[in-house]
Every structure is written in structure tokens, then in C-alpha cells.
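Engineer: Below is a structure I'd like to ask you about.
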Ligand code: ADP
């Protein structure tokens, strides 16, 4: 059972309706720039409905005057009348649909752009806790739902609504007695509509969540395909997906049940109205006051009311579906993006870094991931972070880039607290080569130039040479201009890291963070790159996370971190002499 069957209290119901209204107003604001086209679309919809009503209004006259031969003029003009009506109707139909789609697609494109920008501006902590599948589903599925639902309900509401009002007017005009019977049946239909639409609202929200689950579960498994097959997880993944898939199917079936039942029920009730009219018409005296044309007219109008009424009963469901989707979108857009905490702009740092008594715990975690860390680096120094996996090394570099904010202590760049700097000017000071090299579906050259798009071809070639990228680039069909596929699928682990190093070389930042940058390199490539890295480090302050101690023997200061604390610090010789944790580690690696 999903939570769709949970009872909603009147107070909650009120809040939901209020939210729907607020969401709707907000959505309308997005359509405001396209208001002229929107009004024109509405005008054409009303035109379409008016033509239909006008056309039908001629029915009694056709029967009473035309077909009986009383008025020969009528029949003479009838063929032309039909053609003109249908030309106008077709024109209105085309224009209203076209304009509506134009407005809708513009609004959706705007929304997508906004979501895209917003998601990029969200803090790292948000991305830690939100799956990519959910975000993609909001960007594609939810926006599409808003487009479909809102344009469809607007079209039905205006076009069919106008048609119904026109027909009702005609009916009462021709015979108010017959038409009054119709009014008896209306409240009954209204009650059923309310019940069905409430059920819809609940289910459509569940479907959205269920759909997000399907995408994210599939994406996770497909991305981790190799891990799944290595650890024999097919069966488990299959079972997990089966549950999610089943849930999605059940939600959809609930929706179909509500939808399929609502239409026949409403039609059956409406048929009672028709039956009643036929009965009344047979009563003595009543039938004398009607001409055949008027009687046929009113009965036809009533029959013709069924379809638009059915469509109108669906409007609310459709509209609610769109509102559920838009509320999911607005919920995301309302999440606080990454906040600036300072407004100082730092052009180019001198390269001094001080970390003073910094403690940090991840959001919603009680345990400190970093506990009272302090160190200092002057320009050109190399700080090496050593320690077991999970000891907090990457977290420390994340704090430097302000992906997270330390709860205690301060981090200074050239004596300026980084929290007083603008995020942009802070991050500009760092070149970052992480464990997972992220590459874009673009040419090798553009991937290298990602941090400095304005770089000249010569600059790119120079760094590609230094980072030994040219070695393999020359073997590719179009050299540096070869497209490397989705996330650099064409490259090996070592090649990817060489690209990342070239990227860092190109962006001339005063600080360099290398997160196990050379871990995926074979010994041969590593030796090549080590030269380039050494040269790079000389002009910069570097923070290196290294597993292989051989690469950091010349570091100015080595911090040995264990469970978030610095347990030893000093240079290679000092630490070896101390014969503590570092010396242990060194012995161990040397033996290997
Ligand atoms: P290292 O780089 O030394 O391997 P990390 O800095 O990646 O260590 O991780 C330190 C600790 O913080 C680990 O226990 C890890 O599970 C935890 N951790 C890492 N990232 C997050 C996160 N986004 N949210 C919560 N805990 C995290």
C-alpha cells in the first residue's frame, strides 16, 4: 500500500488547496512574458466554441423552416454557411493550438533553464543527499507534465467551457422547461467529479515519486554495472528493481481505475437526464407547445453537452497533475542555493595558507570528521596529507574550496579569512585534480581548456606536452581535436589523469590540490608526469593527498591524519627520525 490511501484532514486539505493556488499563480508569472500570445490563444479558443454554438443554433430552423420547405432561402444559403463555418473553425483550431504550444514550450524551456542553473548553484551538501535520477526526472518528466497538463486543461476549460455555456444558453432560449430538467442532474454530476478528482490528486503525486524511483534505481545500477556483475549482484538488483517497478505499476493502475470508472459513471447519470426529458415530452399538453425543430434541437444540445462535460470533469484531474509536478519543481527551486558569506574579491593570492584549529562535521553527522586541524604553508610549499582511507584528507581539501563550511576555526589565504571572500574569487585560486577525473563529451583540447576557455592553441599544446597528453593524443584520429566521448569513455585511467593534470597546469592558480592524482598511472607515465608536477609545484602552494609515500618525500610538511586528527607532522626526515606512524607506514610501503 502506498501512502496515497492516507486520510487527509480538512486543515491539510486547505493547505494543499492553498499551495495549489500559490503554485498556479507562480506558474502564471512564468507565462507573463508570453501574455500577448496567451490572450490570442484564448481568444481563438473562444472563437472556436462560438462557431460551434452558432452552427448548432441553426438546427431548429433547419428542421422547422429548411427541411419543411417553408423557407427556400434558408436551404439556398445552407451549403455556403457550412463551408464558411468550417473554414473559420479550422483556422481558430490551428491558431489556438499553435499559440498555446508556443507559450507552453517557452515556459517549459525557461523552467528547465532555471532548474539547471539552480541545481548547479546548489551547495555540495545538497548534491551529496540528492540522487541524480531524481534531479533529471524533475528536469525532464516533471516539466513535461506541467506543459501537458496545464495546456490541456486550459484548452479544455476555455474551449469546452465556452461551448457548454453557449449550448446552455441556446437550450434555455429554445425551451426553458425542457432545459430546467437538465439543472436537476448537474449537482449530482458535480459531487461525483469532486470525489474522483480528490483521488486523482493523491495518486498523481505518488506516480511522480514512483517514476523518480525507477529512473534513479536504473541509473544507479547501470552506472555501477561492473560492480554489480563483479560482486554477483544481478539477483539482488533485479529484486530491488522488481519492488520499485511493481510499486510504479500499482500506482499507475490506481490512476487508470479512477480514470476509467469516472467516465462511464458520469455518462450513465447523464443518460438519466435524457431519459427523463423524453418521458416529460410525452406528457399530455407539453408536446403541443414544442415544434419538432425545437424538440430535436434541445435534445441534440443535451446530447452534445455530454462530451464537453466529460472533458471538463477531467480538467481538474489534469490540472492537479500539472500542479503536483509544478509543486515538485518549485520545491527544488525554493531550496537555498550556495550562499556567499563574504564580498571581498581576491585577484591573485600570494600563496600563503593558514589552517587554524579547524573542526568539521558533515551535516546531520554527530562525529567530527576533522578535529582541531592546524598547519601553515608559505608560497611554494608542498603540504602532503597522509593517512588511512576515510581519515578525512579529502574533506580537508573540500573545506579549502569551501564546498563545506568548517564549524570551528578559520582558514586564511594571505591572512584573509576565506569566509570573507566571494566564492568565485576563492575557487579561482585553486587548481584541483581529484580522484575521479570528470571529463566532458567534447574534444581533448576543450577538456584541457575547461578551466581557461580563453587559452590559446599554443598554451594548450604546451601543457598537453608537459602532462604527456600529446603522447597518446597524437595516436588519436584527430589528435587534440578528437572527441573523447561521454565522460571521456575513450581514455584509460592513466590518460584521464594526464588530461586532468594538463587542465590544472593550464589554469594558472596559486594553489594546487592533488587528490591521489597519480594513483591511476602506471610507473612509466608516473615518472614522466612527476617531472611536470614537480615543476608545477615550485611556483605554487600544493596540497597533495598521496598514498604512495615515494611521491612526497620532498614535501615541506607532511601531515599524518588519523580519524580527523593530525597525529604527526614534519618533513620526511623528521618524521622518519620520530619513528612513529609515518615511519611505520614508510617501512610497510618500502617492504612492498
Ligand atoms: P579520505 O579522503 O581520507 O579517504 P574522506 O575525507 O573522504 O577521507 O572521508 C572522511 C570521513 O567522512 C569518512 O568517514 C567518510 O565516510 C565521511 N564522509 C565523506 N564524505 C561525506 C559526506 N558527503 N557526508 C557525510 N560523510 C562523509
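Quick reminder: no glycine exception, Cβ is built from N, Cα and C everywhere.
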Engineer: Would you please say which range out of 198-218, 219-239, 240-260, 261-281 has the annotation transmembrane segment in TrEMBL?
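Structural biologist: My reading of TrEMBL: the transmembrane segment range is 261-281.
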Engineer: From the ranges 293-313, 314-334, 335-355, pick the one that TrEMBL records as transmembrane segment.
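Structural biologist: Of 293-313, 314-334, 335-355, TrEMBL gives transmembrane segment for 293-313.
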Engineer: Which one of these stretches, 179-197, 369-387, 388-406, 407-425, shows up in TrEMBL as transmembrane segment?
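Structural biologist: My reading of TrEMBL: the transmembrane segment range is 179-197.
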